[in-house]
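Note sheet for the following structure.
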Amino acid sequence: RVSIYSARRPLLARTHIQGRVYNFLERPTGWKCFVYHFAVFLIVLVCLIFSVLSTIEQYVALATGTLFWMEIVLVVFFGTEYVVRLWSAGCRSKYVGVWGRLRFARKPISIIDLIVVLASMVVLCVGSKGQVFATSAIRGIRFLQILRMLHVDRQGGTWRLLGSVVFIHRQELITTLYIGFLGLIFSSYFVYLAEKDAVNESGQVEFGSYADALWWGVVTVTTIGYGDKVPQTWVGKTIASCFSVFAISFFALPAGILGSGFALKVQQKQRQKHFNRQIPAAASLIQTAWRCYAAENPESSTWNIYVRKPTRSHTLLSPSPKPKKSVMVKKKKFKLDKDNGVSPGEKTLTVPHITCEPVSEKRRPDHFSVDTCDSSVKSPMLLEVSTTHFLRTNSVAEDLDLEGETPLVPITHVSQLREHHRATIKVIRRMQYFVAKKKFQQARKPYDVRDVIEQYSQGHLNLMVRIKELQRRLDQSIGKPSLFISVSEKSKDRGSNTIGARLNRVEDKVAQLDQRLVLITDMLQQLLSLHHGGPPGSRPPSGGGAQVQPCGPTNPELFLPGNALPTYEQLTVPRRGPEEGS
């Protein structure tokens, strides 16, 4: 980054004054602009109130005389303001020169201001009789005062906001107005057909024409209800009541649409403003993160911003007597700032510059001093922090005072940067990164209570979804009947799907398996005894093989088909009956 400095702060030029005046009048920001424009609005409002009072007989004399002097003051004030606005517009390039001023004067609000000023001057010069206005002049003054109310909103923000809301919701507004207009003309026509021959109590026909019916329809569907025209027959009243409910509902919809549109527009502006505050914080975070990454890069371009270009007037060794260290440091700092075009006491945006004390070749390495002084670090927030001067030496301080001080030499090349310089720069960059990260996190926080509530509701909804999913899996694991099972199946298996019932079935199956294993063991023993040719229950010969304990006589029921091993379906389907475990 290359910083360009000026010798001193420039004086206020003509264009600068024009710019400040133009921003004050045309782009009001701040409490001073608010006070000024609000005072102008109050003056115009008071003048309008006096013009209203001039129509009341009790206050004619007081209001007319006061209104005369107020009009003179307002004409002079608005005329002067118009000239100042025309002059200050020259700060912008498109309004420079005569043609630029004419372009500024062709703006609608400028035309209205000019008309008000000229018309007020004409009324004051022609329509006044002494210190009061004529009756015809007062009528013109009232109209001009109404036009002055447009002066309050010179930027047209109100009209732009209304236009944007109408444009966004144009489809809904067109639909409601179209349907409401159809309801109006149909209701008016049917009421006219029913009431065209009806006579009221005074003997007059209220709905003598279709125009009278349309007037009644407009007054009815807009919920004004003057009561000047009322249906007389029951047929007309029935038609009017039916169509009124339908038409009034559609004529009331545009108000709700515009209200919701304004609310959404305000919320959108707040979100955009909150997002705009995040952009500088994000850019600063990206910049500091990149600088931290670049600090690990050995390329010279990373460190060039900390190197000061050499000056011609700078000499390493001065033949003059060396001043004391404190005086020398102050003069050196003033000289370096002056060389860079920075006046004393002026805060500018710079990068840290590093200076060091040159080491003489004759001096031994054991006796050297490194002075990292005058490294003024100025952050982007224009806060100047001057580092202290560290002196490292293993000699006595008195010897240094006797020997004098070596003038500090700014680092003019990347190769002169030492390891402690690079380490310091890395630490500073790391600190700047953490500060930028904290600011970005603060900028990301919700700006409104509604956003906090919305985030809480969204988090609560996600939590409930996860809880329901966990409950579903738990029900599936413990055997709870699903939602798609019919009511009859639920009532049939109400007690068999609990954990206790399932454990009981498992225990029953284990007992059945134990009995089957006992039967299988008996069958194997019987088969083994028959294989050796002995009577059932006799011992086999001891010529080898396993010794089998004798058992009782052969049970013929063991070989029945019913004693076969149970199938998978028999093990899974529970038996119902008192002898299930036998």
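Using N, Cα and C of the backbone, Cβ positions are placed for all residues, glycine too.
Among the residue ranges 180-217, 218-255, 446-483, the one that Swiss-Prot annotates as region 'Interaction with KCNE1 C-terminus' is 446-483.
Within the listed segments 274-310, 348-384, 385-421, 496-532, Swiss-Prot records coiled coil for the stretch 496-532. Taking Cβ pairs closer than 8 Å, the topological domain 'Cytoplasmic' (154-171) reaches residues 26-27, 109, 257-258, 261-262, 265 in its own chain, all 6 or more past its ends.
Sequence-distant contacts of the topological domain 'Cytoplasmic' (88-103) (same chain, six or more residues past either end, CB-CB distance under 8 Å): 15, 18-19, 21-22, 25-26.
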